[in-house]
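Please read the structure below before turning to the comments.
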């Protein structure tokens, strides 16, 4: 019975991994590759890519985008991957590969990173560097908590009604208390931009949809890229698969079933 259960779990895990959309796959592979590359001692990859407030300048602005991909050690990377992968997969499935790329290597990363640097330097007068994808995790959690709040405003513990939108805030405090060395400020900056995006203001941050559609059609991305998710959320690229659970949308088209609402974050 036990070997059969193990085989079943292995098959489910393999099936899940083979269905991951393109951007999520690339993020997972990049984190794994950079974690392996960080093991060598010839070049300090962590020092190069960390978000260090006093190191941010025009020539080092790449740090605003590289820090989520680099981790302190293998365990740090594994824990963040376990938390990030399902959240990123749901986001990309709903909003498309190009939109995910534009947002996560754009405003959803750079805005909280700049906020962290400014608060560290101007308010705390400190220079604590941060690494890891946990800021992305809390950004995505905050976005989902807002969507959940719209349909289920409270959850109950004992006789206390707790707003569902506070879930990522509670989790960030628990993580800060239980795991030494974590950046509460970094997580709070990620949560803040997640709340903004969750309320629908990401359309002010994302590139215009007509531009993304033009790129998608011009480069014929649906045909040439495996597991690419179209902006219209109904079509995957070659070798990709459709979402396992669909329901009719308002116009009769299929829409991916996600936790909470299916409201777009794009324009």
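Glycine residues also receive a Cβ, built from the backbone N, Cα and C atoms like all the rest.
Residue ranges 46-66, 67-87 are listed, and Swiss-Prot annotates 67-87 among them as transmembrane segment. In this chain, the transmembrane segment (99-119) touches the transmembrane segment (20-40); three or more CB pairs sit within less than 8 A of each other, excluding pairs fewer than 6 residues apart. Of the recorded ranges 67-87, 99-119, 155-179, the transmembrane segment (126-146) has the largest number of C-beta contacts under 8 angstroms with 67-87. Distance from the CA of residue 134 (active site, nucleophile) to the CA of residue 187 (active site) is 7 Å.
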